[in-house]
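Quick notes on the structure that follows.
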There are 4 protein chains.
Amino acid sequence: MTASNLVELRRDLHRHPEPAWCEFYTTARLVDELETRDLDALYVGPEVLSADDRMAVPDDDVLSEWFERAREAGAREDVLDRLEGGFTGAVAVLKRGEGPTVALRVDIDGLPITESEDADHAPVAGEFRSENEGYMHACGHDAHATIGLGVLDAVAESDFQGTLKVFFQPGEEQVAGGKPMAKSGHLDDVDYLLATHVGLDHPSGEVVAGIEGFLAASHFEAEFTGAPAHAGARPEQGDNAVQAMASAIQNLYGIPRHADGATRVNAGIVEGGTATNIIPEEASLGGEVRGETTELMRYMEEKAHRVLRSAAEMHGCEVDISTEGRAPSAASDDELVSIVSAVAAANADVESVVERDSLGGSEDATYLMQEVQDNGGLAAYVGVGTDHPGGHHTRTFDVDEDSIGLGIDVLSGAILDIASTRP
Amino acid sequence: MTASNLVELRRDLHRHPEPAWCEFYTTARLVDELETRDLDALYVGPEVLSADDRMAVPDDDVLSEWFERAREAGAREDVLDRLEGGFTGAVAVLKRGEGPTVALRVDIDGLPITESEDADHAPVAGEFRSENEGYMHACGHDAHATIGLGVLDAVAESDFQGTLKVFFQPGEEQVAGGKPMAKSGHLDDVDYLLATHVGLDHPSGEVVAGIEGFLAASHFEAEFTGAPAHAGARPEQGDNAVQAMASAIQNLYGIPRHADGATRVNAGIVEGGTATNIIPEEASLGGEVRGETTELMRYMEEKAHRVLRSAAEMHGCEVDISTEGRAPSAASDDELVSIVSAVAAANADVESVVERDSLGGSEDATYLMQEVQDNGGLAAYVGVGTDHPGGHHTRTFDVDEDSIGLGIDVLSGAILDIASTRP
Amino acid sequence: MTASNLVELRRDLHRHPEPAWCEFYTTARLVDELETRDLDALYVGPEVLSADDRMAVPDDDVLSEWFERAREAGAREDVLDRLEGGFTGAVAVLKRGEGPTVALRVDIDGLPITESEDADHAPVAGEFRSENEGYMHACGHDAHATIGLGVLDAVAESDFQGTLKVFFQPGEEQVAGGKPMAKSGHLDDVDYLLATHVGLDHPSGEVVAGIEGFLAASHFEAEFTGAPAHAGARPEQGDNAVQAMASAIQNLYGIPRHADGATRVNAGIVEGGTATNIIPEEASLGGEVRGETTELMRYMEEKAHRVLRSAAEMHGCEVDISTEGRAPSAASDDELVSIVSAVAAANADVESVVERDSLGGSEDATYLMQEVQDNGGLAAYVGVGTDHPGGHHTRTFDVDEDSIGLGIDVLSGAILDIASTRP
Amino acid sequence: MTASNLVELRRDLHRHPEPAWCEFYTTARLVDELETRDLDALYVGPEVLSADDRMAVPDDDVLSEWFERAREAGAREDVLDRLEGGFTGAVAVLKRGEGPTVALRVDIDGLPITESEDADHAPVAGEFRSENEGYMHACGHDAHATIGLGVLDAVAESDFQGTLKVFFQPGEEQVAGGKPMAKSGHLDDVDYLLATHVGLDHPSGEVVAGIEGFLAASHFEAEFTGAPAHAGARPEQGDNAVQAMASAIQNLYGIPRHADGATRVNAGIVEGGTATNIIPEEASLGGEVRGETTELMRYMEEKAHRVLRSAAEMHGCEVDISTEGRAPSAASDDELVSIVSAVAAANADVESVVERDSLGGSEDATYLMQEVQDNGGLAAYVGVGTDHPGGHHTRTFDVDEDSIGLGIDVLSGAILDIASTRP
């Protein structure tokens, strides 16, 4: 794949951002590309997911809407059919002689953010701004998916000896897709796993050999149910679900910080009530907690549930709390970090190599890393710097497309090095 | 119109509840009926509304959706065309010789409440449950519209001398339709105005000659805007609009009670954020305040705005506050109350007459009452008791259909009495 | 007692405001005066109180401090001895031949408010500002006690036939003294009870024959207990009692208003924590709820307890809630209201008579009124207008001393009238 | 000083815990001891403090109360006289020939915590529980002061060549005493500074050569002022200072966590209102914020002020915010850490040496460390492990008295080593 093909692919994906389990167009587009390669196996949709471990799957009508949208955008019908019900993602397998099984994991989903319309926002200037209004590739997963394909090509064209598996994972933003992919069986024979992310405040030309400091994360959905009443005539007959939710939000942010490390909490999506003159009967709160370790995440989770339950009780409401996605913490193994570091240092286009840096966010790649490590394998999470004008998860985020090629070089280089040095 | 026709009409309206400015089916159905009468004039849509005084008009796409739904439900195309853009409602005029101009005002809109599916909920048993899922006639406006038509027929068939105008008003639940109808010019020559409401905790067979104690009301919409950020990686870069809103809600309910009389506040509809892992950039809050007097409503409004602004400031957000509907307080005139009371007492089917009672809710009929009173006319708000299993604005609300006929008798009787005694 | 004696007494009491159950100086001063009269009985301290019904009694050290202060201010030692342990108040009995037993109830306690030091505040100009810094007669109970004595003298000098009992009640501001006095047995033979209050926004020269609209009230004390921790080193080990209390306060004010009538809530005294760098282990909240009826007060009480308990639970704390004072609602009887109204109207110094008006506050005179009414007697609560520069319970409150004499005239006149017309 | 003398001294100090600027007994007791030594200089009270830099000085009456209490406990009158006005603390100077100037800083204040009365709490069993009820040495400063004296003795008895200064610092818990001592001039000629702390979750026998990770801290006091009103009669006339404070507290804890490092916030002491039936006019909130760096502390400070101001505005109140104490972050210098580490490792009684560990709390020793470092000197903060049954700042905290001797050995050993190796 040429550099211009890679950019074209990235831009096409950028035009079609899709949220968790709705990556219909994205998966179809990738499969379309993958099928032109000489692969040993290509698994799609239900074949790459442990169905019971899927979390945060949207309602059927949401799935249908995105499915339809993908069809209208020109996604291949035969691939779409295989993805029905929100089974997205793919795993491509390349076998070249004897050698270790090395895997690369990239994620492919977008975010519910409205992309900037500023003339100097590159996707506007370059005419590849999101066509799914209200959604956006604001975290670079369009580049990740492209890198995944690029690495596959680079390794295929090399003298690689062993097996390469590229995991195109759905639903990372919801920390919802990592676990079902980790539990799909496709990792069982993997000896080495690399995962990757662009940007993260590292400039173009910089490589981070081992990212650590993943915050373990847990997403939740709380449904408050009270009793409605006429807000003017009978206020005392209502049990106000919105008031319960507001009290919960105020106190969720007040969960004590922890001396053992960083924690996070966010009330990310709220909705409640039906009319200004009715005491709200229902309110829902979608949020998340994080911790520098899995224990810290559990600490936050436990306190958050206590806040949610007490806030409901305070206003005479019921609350139903469900966990919609969860990711543990994880660490990059020294041996892989050294290999990546050496490969990066040897690359003329790499201007600086950072041995280790902390993410400060969450990632469900940790599920895949843990799975491999539990099986006795090694894993590392590699950062590929890219100049990004706006911060991650903001409407002016964009990637420096030159860093896609550099990422492919470093990652494929590391894979070759692993295969040759650790047969 | 026979009693069974009345019931049939009420049930058809019940099946098609529509919110403010979306009463397309309802208006079309009523116009369809009205055109079969021998009227002197029939004004529809834009002809009955002062366009600049409309409040809380939904977005175009919401209007279009309801418009389309009405068409699919079989509403007459030619009438629908006259209502485009959310200009709903009608005024029917009947002229019979010389005499005073008497008006009756009924409201026609439904509520965003999901109707009960219990087998013993009469509309379920009788198979006229709402077909607009999530919406419901939970305050009896289907009966009101039916009474409006019934009174018109009863007066037409009598020896009435004078002019009768029946106002079918949209958007009462949002206190959004009263003012534009009051300012339409159609009230300019009205000498006497009766408004009516069924139920209000009065049983079937009871009539309230003059309802008072309307709470003045003001609906508002507050849009909080902050700054988004990645909730795990960069929480400090966000300005959290949902947190601002939650703080506002907590403190709105904490506005001090007032010694001069009853006040109310409600945060009725809230929405905010886009994803669990993004610091919410936007949040909206639709609410209302009420007061036993217009001054008390203003007191609440002023404090509410202070709370909204301070809560935004507290979390580094902006807030845009708009007033979406407002109704003053009003009083029923003694002379009309006496007439209604006497007519009701003389009716064999009326079991008890309550001279005056307090509503405790709000009503934008007060705009029409004030307009008539300001012009030197008289007004009264008449309660027609009806057994209702669930409370107003709850999903098991229903009316006793027998009370429709009784309401028509009492109201038309009062209109005849007014015309004959006060020529 | 001459007018100047009355003023002198009132100013002496004004100089020595004392809170509930600490009215040592006040009781001693009144007893000192009463003993110079020709009374048939004079009951003091424990003799006028049902010990088990006392509420909100301060700690021993607070009692001792006020006791000592009274001694230093020159209170008679022999009287003080009878009041030990916070048994304050007195009942004076005057018997003159055969006739009904009529009672007058006045209250005698002050408030924890720092009196104004403004030169134009009359007690400053007249040099009788509070000598108990931080406390103040900011509700006119100094005038009430004086009126009690004045009425006793006026009746004693008249041709009154019957028995007069004057109740000097402690602890009204805490609604703490009414019940123990009502249950003391001294009301058992009372046929008619008048209670009185000056001011209440009525000007000098105006009399309100029957005040109604007492809000039933309930005072509570909530003690939150959590777990302390170093706020910097181990924040997660604390269970923050102040955070629990803050959440409770925010939500107490958010208890829904009630359609059946006025309600109130106040978090009046708060205290918590010991150092800025320790997670607060303890916090206390003294508050009150009120309702237009006893039922509404109970409604508020129940919701308030739920809020307090849930807020504690939310932050891992315990809460201990105790009721510190409670007063029911009550009504003035028509027959007494008529008598007072007629007497007032006949008084040349009375400029206007208001038949009935609403208080909008609370009063534990209602306990005494209910007790008499339950025994088949009649009761009324009489307002004596007085120009007051600042509002009740504010630091610039003061009474027009001329209204003391007028109050004595009207109340003694009413007592004479009762005795002569209802022997 | 023998081991039993040291224990006796520590227990005497333990019996007399005193808060910031009230360490009258403690200072007098230490001076009493110090005067028996052969010192070159002994500076006391105002001589060791930059008066303008003192923060969080209590009111005169609080100072007087503690002053009196010290006198009653037997403190020497002549020393007390030198401490008047809350100028506590001392600096002892020992000169032995030519050599570097080395300083040791220990702190001496107690905490407002009520000490456990459990029979198995060592100070209860050993009969040296706090005699200042409500106050306690719950952070080991009694041991610190004792170590200071012990080190002085140990160095005096050695062949030390140079100058030793021991700083007995007041007001550490309020981060109030470090800056005035740092700015007193006594540090100007100091080449090396050691500060020390016992415990911090390190067991007896363990030494931490260099503690880092001090959280920069800032203590604040916020005074909310509203308007009082009768809570029943005129709730709308009040501007509720307690409600403003409660809203502030809820939202202070909601200041976003920061990706750059740990932050803290605490509402440590609150007080407000005067009576349950008065809308509170005043409320005060003493709190603190911390940050892993001085910048993070400033971030928290700025957000906290915004919350405090907005909460006041929200409820129509004014707020006056003052900073009562502030400490920067600081680092231990490698060279000193190495020396301490080596000395500790060579000590047979030391079971384990931790090179560096993070405090996670705050310390105004950082002011002294920065001052020395700014002058070109070196500084280190040394941890002396001690088994402590309860956590720091809890009522069951206690120290293992054996660790006092070990601390003296290691610190004096390090001082000798510094003097001999870096003349």
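Positions of Cβ are set from backbone N, Cα and C atoms, glycine also.
Feature annotations, courtesy of TrEMBL:
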type	residues	note
BINDING	D:Cys139, D:His141, D:His197, D:His393	Mn(2+) 2 binding site
BINDING	D:Glu173	Mn(2+) 1 binding site
DOMAIN	D:220-311	domain 'Peptidase M20 dimerisation'
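Mapped onto this structure are the features recorded in TrEMBL.
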| residue | record | contacts (Cβ under 8 Å, 6+ apart) |
| --- | --- | --- |
| D:Cys139 | Mn(2+) 2 binding site | D:Leu111, D:Glu173, D:His392, D:His393, D:Phe397 |
| D:His141 | Mn(2+) 2 binding site | D:Val106, D:Asp107, D:Ile108, D:Asp109, D:Gly110, D:Glu172 |
| D:His197 | Mn(2+) 2 binding site | D:Gly140, D:His144, D:Ile211, D:Leu359, D:Glu363, D:Tyr381, D:Val382, D:Gly383, D:Val384 |
Residues flanking the Mn(2+) 2 site, with Cβ no more than 8 Å from the Cβ centroid of D:Cys139, D:His141, D:His197, D:His393 and excluding those residues themselves: D:Asp107, D:Leu111, D:His137, D:Ala138, D:Gly140, D:His144, D:Glu172, D:Glu173, D:Val198, D:Gly199, D:His392, D:Phe397
For the domain 'Peptidase M20 dimerisation' (D:220-311), the number of residues DSSP places in helix, strand and coil: 33 helix, 32 strand, 27 coil
Secondary structure of D:His197 (Mn(2+) 2 binding site) (DSSP, helix/strand/coil): strand
Binding-site residues, contacting chain C; criterion Cβ under 8 Å; candidates D:His141, D:Glu173, D:His197, D:His393: D:Glu173, D:His393
All-chain count of other Cβ atoms within 10 Å of D:His393 (Mn(2+) 2 binding site): 28
Whole-number mean of pLDDT values that fall within the domain 'Peptidase M20 dimerisation' (D:220-311): 94
D:His141 (Mn(2+) 2 binding site): secondary structure state under DSSP, collapsed to three categories: helix
DSSP three-state assignment (helix, strand or coil) for D:Glu173 (Mn(2+) 1 binding site): coil
Other CB atoms, at most 10 A from the CB of D:Glu173 (Mn(2+) 1 binding site): 27
